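Structure first, commentary second.
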Amino acid sequence: MTYAFRPHVPELTMASGPCSIYPQVLAAMGTQMVHHRTDDFVNLMRSVSDDLSTLFRTTRRVLPVEGESILGLEMAAYNLVEPGDVCINLASGYYGAGYAKVLRGYGGDVVNVAVPYNTSVTIEQVRATLDAHPDAKVLAFVHSETPSASENPMEAICRECHTRGVLTIVDSVSGVGGSDVRFDEWGVDVCVTGPQKCLGSTPGMSLVAVSDRAWEHAHRVIADTGRYERSYLCLLPWRSWVERDYVPYTPPISSIYGLKAALDIVMSEGVDAVIARHETAARATRAGIRAMGLDLWVDDEANMANSVTAVTVPDGIDDTVLRGLMDDRYGLHISGGLGEEAGRLVRIGHMGYTASLQKVLTALGAFGSALAELGHPVDLTAGLEAAANVAAKTAVQ
Ligand SMILES: *Cc1c(COP(=O)(O)O)cnc(C)c1O
């Protein structure tokens, strides 16, 4: 049997992540192996580590864990949650809701704060929940809910929890690099991102920032619970990296070449400038969608993510047909909705390499043209003009 895998189709992926990646990353990943127990590799890792600390705005080392970002998120619960611990979980979307199960899996007594998946949790809701559960040990939430394109107020939530001594676990897989994250200043405890979203590299790693408070707590939890200390989920083996530049396992060397190339781009452009580029791409996409006469999925501008935009599927349009047409005719891949949102929204990712006006205009053009072909005419010219105007105004400022 032959399989119809077409490696260069689509030509451009602007999905919910991974998206198409920087050409420099593609090139770097073809580099020959360096052994991970050599000075050359250690120096490469130190340089990656410095860049990651700059990106997360922390003086601490960010752990370069092998395994997709879900692993880093489960690590947080493995190391911070003991049976019976009260854990507040903000369920503002698909990933947030799902994390309740992870917390329960490690014995957490979960207090779930659920809001509709087209909005964000407010700081008032967080304060009220913390007031009602003064014994809470942990609060977990998703910074940028990629499946519905909403964003939670990370700074306010983390500052509030820090003051009250509640440990925060933040899924910022599609946040870091696209939205502001200040790990030290905001008193965040564990923050996880992946190379494949706003950093414009490939999936397969978890980049995990851990506060001093979280390290201390992890030592206690592992000792108290008797959990296996050499588990891939255990943070403690990573102390060897923090304290003496020794990575505990065989790292994904090609992924690290790619990550370094992506971080080189972020460092030379500047973290603030990269975040501003994501913000502009997001605002241009939203302006374009609205001017075409279409509806955004998220309820309020203030709750919308920088890395991805969700568009409500117009009545009478089958989103699988729409996305199939975009793939086949225009070589441009976008995402549908997950779970309850399947068929109700589509998502355009503007992250890393695709957080650019050129890519956004391409996506809007293909999206509007495909909708028109399916019998839902849109004002394409107005859409493209509105998107370009956002960028022009941003450039003037
Ligand atoms: C992509 C994503 C994940 C999962 O990352 P993987 O690397 O696929 O495991 C988790 N949370 C959010 C918010 C994401 O966008």
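Any Cβ shown, glycine's included, is placed from N, Cα and C.
Note: TrEMBL annotation is automatic and uncurated.
Database features (TrEMBL):
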- R347: substrate binding site (BINDING)
- 27-337: domain 'Aminotransferase class V' (DOMAIN)
- K197: N6-(pyridoxal phosphate)lysine (MOD_RES)
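Within 10 Å of the C-beta of the residue listed as 'N6-(pyridoxal phosphate)lysine' there are 28 other C-beta atoms, taking all protein chains into account. For R347 (substrate binding site), the same-chain residues 6+ apart in sequence whose C-beta sits under 8 angstroms from its C-beta are A15, S16, T146, P147, A149, V308, T309, A310, V311, I334, S335, G336, G337. Regional average pLDDT for the domain 'Aminotransferase class V' (27-337) in the model is 97.
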